[in-house]
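To start, the structure itself, in C-alpha cells.
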Amino acid sequence: MVLEDEDWLAFHDTNPQAPTHVLVIPKRHVAGLREAAPEDQALLGKLLLGAQQVAAATGIQETGFRTVINSGANAGQTVFHLHVHVIGGRAMGWPPG
C-alpha cells in the first residue's frame, strides 16, 4: 500500500510500465469512467487529488508524472474497476501507444 484515505487507496501496479507505477482506486465500485455518474463528481476529484498525493509520496512530483484512466477494452482497460494510473520516474514519450 502506498497511501489510503476514506474514499480511495493506492498501491503499486503488478505490471509496472515505469520505475514508479501506482494505481489509485476508489473503495466504492465504479466499473470505469464511462459508467461514472454525476453523483460521482466528488469521488473523481478525490481520485485525481490522490494521484497528486501519490506523486509527492513517491518522489516523482517535481520531475513530472503521467496520469492515465483507460476506459473500455479498446483503450486497454482490463480491470473493470475504475482506477487512475500514476506513472513516472523516467521520461515519457508521446504518443503513448
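Every residue gets a Cβ built from N, Cα and C, even glycine.
Of the given residue ranges 66-70, 71-75, 81-85, 86-90, TrEMBL assigns the label motif 'Histidine triad motif' to 81-85.
Long-range neighbours of HIS83 (active site, tele-AMP-histidine intermediate) (same chain, six or more residues apart, CB within less than 8 Å of its CB): LEU23, VAL24, ILE25, ILE69. The domain 'HIT' (1-97) scores a mean pLDDT of 95 in the predicted structure.
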